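According to Swiss-Prot, the protein carries these features:
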REGION    30-57  region 'Disordered'
COMPBIAS  32-48  compositional bias 'Basic and acidic residues'
DOMAIN    50-109  domain 'HTH myb-type 1'
DNA_BIND  78-105  DNA-binding region
REGION    115-143  region 'Disordered'
DOMAIN    135-193  domain 'HTH myb-type 2'
DNA_BIND  162-189  DNA-binding region
COMPBIAS  244-257  compositional bias 'Polar residues'
REGION    244-278  region 'Disordered'
REGION    316-390  region 'Disordered'
COMPBIAS  322-340  compositional bias 'Polar residues'
COMPBIAS  347-360  compositional bias 'Low complexity'
């Protein structure tokens, strides 16, 4: 680039450095910067630069108020300390309170904020203060067995509606939140929680307990197929013994437990018609089924029927005719008699002849009214042509 010499100046009076400076100013005048060009554009508004607020030194009263606020509200609740009307801070922000606490108590700040990577200042000389504590949170209170029972009772009453359970005054769980009740029910009763349709979390303790209970229940509960097979085998064995001894009669036990004793029901207050004593069963030959014991009211009803023989005047019922083809040995008498209910029959007539006086007599004049029958012509044998054929 060829150096430009301004007019009116000789090269003898200026050195090379002065010439270079003069050339730079001329180039800057010919090529203005972008900012200067943008300022000439209409509608351009330059953003105002951020003005930093002046640093105000902390007074002793402000420092004491900060420490008292940390004792009352806990370290970390800077906004609560700032909004507390008992303390006065001059144009301070929550970050200013945190920075001031880090400056005056770096060791305590490191204790409450172990992951802080900010600059730790040197401790300053401050008056003696009482021990500080971090902001208090809700303490975790373990569930008692009584609360678990009431929680389970509330689940039976309201179902998985944890808000209703917490608001139920009869259960006394108002100090527990709905989420606390849900989490406790999931941890204390995982099988009922899963049966209600909820999914268990990936907690190995709950899952192992739940599956262990299910495996124990499956082991103690007999299998349906094995029980059915055992019952079928028992029935087959009893049938085989009965087939081998067809003439053997079952032995009657002298004493059998009553059904009310098995169920542990007292029957001394019940009337006798509501149950049948089974200690000394009375077998009746007049029952419809052989070997069946009937209750007292049913026997009394059967005995109230009239005998079958008393329905006839002769005293003996008419015997049915026996066909010659039927042998005498083929008819087997019944080993028991059946009492039939009374039949309302009318007595038979004294004679088998009909009484003519009871029948209506026909009128002879009625037969004369019929017209006479037409007479048919008779043909002699001589007039028949086919008789003379030979």
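Positions of Cβ are set from backbone N, Cα and C atoms, glycine also.
If you look at the DNA-binding region (162-189), the same-chain residues 6 or more away from its ends with a CB under 8 A from one of its CBs are 143, 147-148, 150-155, 198, 200-201, 203, 206. Across the DNA-binding region (78-105), DSSP helix (H, G, I), strand (E, B) and coil residues number 17 helix, 0 strand, 11 coil. Across the range of the domain 'HTH myb-type 2' (135-193), the DSSP-based residue counts are 35 helix, 0 strand, 24 coil.
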